[in-house]
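Visitor: After the structure tokens below, expect a handful of questions from me.
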Amino acid sequence: MAALNVHKPPNLIPALRIALRGHAILENPRYNKGTGFTLKERKAFGLEGRLPYRTNSLDEQCDRAYTQLNQRDTPLRKNTFLQSLKDQNWILYFSLLARHLKELIPIIYTPTEAEAIASYSHIFRRSDGLFLTFPDEDIMEEMFLEQTRGRDIELIVVTDAEAILGIGDQGVGGIGVIIQLTCDILREAHVKFRFLQQNLSYTRKTALKTAGLVGGIDPSKSLSVTLDVGTNNEDLLNDPLYVGWPERRIRGEPYDRFVDKFVQLVRKYYPHSLLHFEDFGVTNAHRILDRYHDTHAVFNDDIQGTGAVTLACIISAIRVSSRARASSSSPEKKKLSEQRYIIFGAGSAGMGIAVQLRDAIVSADGLSRSDANRLFWMIDRDGLLHQNLEIQGVTEHTKEFVRSAEEGWGGNEHVSLLKVVEKVRPTVLIGCSTSAGAFTREVTEAMMRGLDEGAHPIILPLSNPSRLAEATPKDLMHWTSGRALIATGSPFESVKMKVDGKDMEFFIAECNNALIYPGLGFGSILSQSRTVTDTMLIAGAKRLAELSPAISSTDDGEYNGAALLPDFGDSPRVNFEVGVTVAEQAVKEGTATADWSGTTDEERQRGIQEVRNRAEKKVWVPIYPEYIYDQNGQNDA
């Protein structure tokens, strides 16, 4: 069991004093061990006769659960089995995920989770998380306190489910992605702390954060929230089994008032918590993040998580490419500011990537915001965004990246991706369009012609799922004769081919938020940062890039085919390192609480040195601690 999490071996897990006995402890997923209760514990907690004779180790329980899981013949049935397991026993659930992380991520997350969310009202069995519905706005505080009173909550994941990736507006079913996210954060706390998730639904994202991928947050200290403000999904509105508020989405001032009331409750009762926004629509996501960015520790995974992991991937790719060019006649281009970026897809993900990269350029290379903006060419369904084009629904963030009319892009006409590539000669091409096959051979070869000698094209077809990717890695590698540096939004097999007569195997990194957002969350919670700053995000992305196999395994300048980002199987260690770095940055810049940073440079330096030690103590791992019965002990979920 020590191998589950090197940061906290079993001997360092303290015993818990618990007041629950009998049926109450068996029905509590936080404390239930099932057949894992020792004989001593069974006697102390009144469990004799309530359980079969034999005591099982956690390893044995995981083996049994894995066998039961494999008897389910579809991904959705496996998903619901795991959700049921989580409802019974948190530690067993997360331990099972930890042992089979890569295999089970597609079951508890993309793509199976989308099906589970879409079917939420039809497979509903048990409520999980907090539902705040617009008609109940007047009693929101009462409902919030009823769910949270007496709890030490560090992470709150919230959605209004308007923009679930790939399936859009899912109304109240969006609790699934939130739970999963909570699980993610928690899981990361364990299996991203070595564990990958902790909420399958609200735990799905949260689960990824907690349990598995790298966060290390105690599941009992997280809360998943759905803001049910209606739905515009006609199928749901016409479904007699839909369990949410069956009205169209509210907009404008009533929506803002409702969201603000919730945020103010979080600030009032849990001022040091991390508030994670998930799957808000493009019209609200940036606006809400901007509104609360400076007043609370808030985070939007779709915007900042996507941007941060893409930034890490590009930093890694630039280092690989610059090494290869060291022996060529053209100058090395090691800086983010020395690249030219085309982003195909200007929605929330594409804009999040552009903003994150732009901010990193300003921070790392000292460019002005306006100069950094000019390194980006954004393309959406109407073509290149330029001033002569009549663009509908432009946000303030989008306006910054609209190209000047003086560049000669023509009148109000569509400027294609190929035309932009030929004129701009990009070094980085990013796809967030869900336009399958958009990165054609013609586009790719045009990009190759525009590069300096010895440079590698950095091509990131990030659209999910794999069938919507802008190009396949296999095609890109063949079209570029093995030169492309590739990462994708969905998992792809490695590419084997001959390059200059030599057999090569190129491993394709999955540029997935789960490699970084649990660590970003853990670092923010660990430091109790007052805000989640751009510099904290950039620090986390740089640390992730440093862990890239492509960097650590390339010594002679030649790219050997290693992945640009770490493997998911290493996510616990990766997210732990990201979390430590993020917390160190918070202490360094003074956004951490006074308990951490103090007021003098000497006190802050001591705080930075203490981060790793505190992180190791704080991380939650799915291992059974010893239980001691105490009438005054813990009795909550």
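Just so it is clear, glycine is given a Cβ too, placed from its N, Cα and C backbone atoms.
Bear in mind that TrEMBL entries carry predicted annotations, made automatically and left uncurated.
Annotations per TrEMBL:
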ACT_SITE  Y109  active site, proton donor
ACT_SITE  K205  active site, proton acceptor
BINDING   E278, D279, D302  divalent metal cation binding site
BINDING   N464, N512  (S)-malate binding site
DOMAIN    86-293  domain 'Malic enzyme N-terminal'
DOMAIN    303-587  domain 'Malic enzyme NAD-binding'
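Surface or core, plus neighbours and distances: that's what I need for these features.
Guide: Here the Cβ of N464 ((S)-malate binding site) has 19 other Cβ atoms within 10 Å, regardless of which shown protein chain they belong to.
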Visitor: Taking only the residues in the domain 'Malic enzyme N-terminal' (86-293), give me the average pLDDT of this model.
Guide: 77
Visitor: I'd like the number of other C-beta atoms within 10 A of the C-beta of D279 (divalent metal cation binding site), please.
Guide: 27
Visitor: Pick the one among the binding-site residues E278, D302 whose Cβ has the fewest other Cβ atoms within 10 Å in this structure.
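Guide: Comparing Cβ neighbours within 10 Å for the binding-site residues E278, D302, D302 has the fewest.
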Visitor: When a 10 Å sphere is centred on the Cβ of N512 ((S)-malate binding site), how many other Cβ atoms does it contain?
Guide: 26
Visitor: Give me the CA-CA distance between D279 (divalent metal cation binding site) and N464 ((S)-malate binding site), in Å, as a whole number.
Guide: 15
Visitor: How many whole Å apart are the CA atoms of D302 (divalent metal cation binding site) and N512 ((S)-malate binding site)?
Guide: 11
Visitor: State the Cα to Cα distance, in Å, between N512 ((S)-malate binding site) and E278 (divalent metal cation binding site), rounded to an integer.
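Guide: Each residue's Cα considered, N512 ((S)-malate binding site) and E278 (divalent metal cation binding site) end up 15 Å apart.
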